[in-house]
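This report refers to the structure that appears directly beneath it.
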Amino acid sequence: MADIIDELIRKRGFASRIFRNREVLHPDYIPDTLPHRENEIRRLAEHLLVSAQGMRPSNVLIYGLTGTGKTVVVKYVVSKLKEKASSLNKRLDYAYVNTRKLDTTYRVIASIAQSIGLRVPHTGLAISEVYRRYINALDSWGGLHIIVLDEVDYYVKREGDDLIYKLVRANEELSKAKIVLIGITNDVNFVENLDPRVRSSMGEIEMVFPPYNAEQLFTILKQRAELAFNQGVIEDGVISYCSALAAREHGDARRALDLLRVSGEIAEREGAERVTIEYVKKATLEIEEGRIYQSVVTLPLHQKLVLKKIVELVEAKESTTTGEVYTAYSNIMRNLKYEPLSLRRISEIISQLDMMGLIISEVVNRGKYGITRIIKIRKDMLPVIKDALKDVEA
Ligand SMILES: Nc1ncnc2c1ncn2[C@@H]1O[C@H](COP(=O)(O)OP(=O)(O)OP(=O)(O)O)[C@@H](O)[C@H]1O
């Protein structure tokens, strides 16, 4: 039956010339094999199996730069173990919580409880009550519950470590069931600054995921491309070009996959038959513009006002200085009847904008006129920054 429908889709011109299955390039897709992460998979799975056999479970803290496969490895291991456990008649289940997205303790504990089938209302219960119900339900179920807390640094910075510490100690209250925590973060400073008590109990086992090199990224991309694209549409050299670009940026597989996906999308949009290196170059620019746009729209108000003034000054005469920016900014604040921030604060804001890659600033020594900072904006980024600031009235 599927063939008839596929044929109709093709005939009607719905089918993509470029993509066979775009989903495969989505960040949530879990491939059947994860090349270059065999050791990490083995170590994590072995540890969880030992815990499932009745040993006292140790918690795991995983860290590494963004796009090094932390999330996909953990999801791969826990879902495979759950699948195997049910065929072996063992009780093993897991909760996967992205604590940046589920941003309150209530939502986190509710989601953990729901993963073992408990019904928890969206609001209305005390956190301690949800926790108590979860522990009771867990003990009557009596298996190994793996709790994955992804982007755990966001949670701890916002809500503190009470819930984590409670979960760590929950095994003392449980008679039949057991809990293992797996924390994931890409913030090494977070791990180093974690309360030593929490670090030692949460990270009894620490795993560091190294960045991928260009060759490793090549294998990862090749595997995905074979599933995602129609045969023969990827021009030779495209995959190694994407891998080299992403390797240069710190070995981020997410970045490499995004580049490939966006290159394919642009090729399709432009009605091309093949994805060429030219499309990868266009994709690099499109992704960078997206990143710049996002960072501008999420800036706080004063930063936006300062950037807006820089844009106006740079458009009038190519470059500007801290002094000119400060004058323009103070005038606008006076017109709006607000107290302007100090020159020092504005100078700090200019440095922040520079660090974010939104402006380029250079300190120059002008002899007897003293030291000043020359500020510019990349010409190709100017339209994107202006667009992102279009709602700022000043
Ligand atoms: N070894 C691998 N094989 C196949 N795909 C991989 C591999 N490593 C990472 N990926 C893919 O790269 C993307 C990013 O991986 P993942 O989300 O696991 O990174 P992460 O380390 O958790 O990053 P972040 O810290 O930003 O959340 C995903 O699409 C994932 O499927």
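Indices start at 1 and increase along the chain as displayed.
Each residue, glycine too, has its Cβ placed from N, Cα and C.
Annotation source Swiss-Prot lists ATP binding site at Thr68, Gly69, Lys70, Thr71, Val72, Tyr212, Arg224, citing sequence analysis. Secondary structure from DSSP puts Lys70 (ATP binding site) in a helix. When other Cβ atoms within 10 Å of the Cβ of Lys70 (ATP binding site) are tallied across all protein chains shown, the result is 24.
The binding-site residues under consideration are Thr68, Thr71. Their Cβ neighbour counts within 10 Å are lowest for Thr71. In this structure, the binding-site residues that sit close to ligand 1, with a C-beta under 6 angstroms from any of its atoms, are Thr71, chosen from Thr71, Tyr212, Arg224.
Neighbour density for Gly69 (ATP binding site): within 10 A of its CB lie 25 other CB atoms from the protein chains shown.
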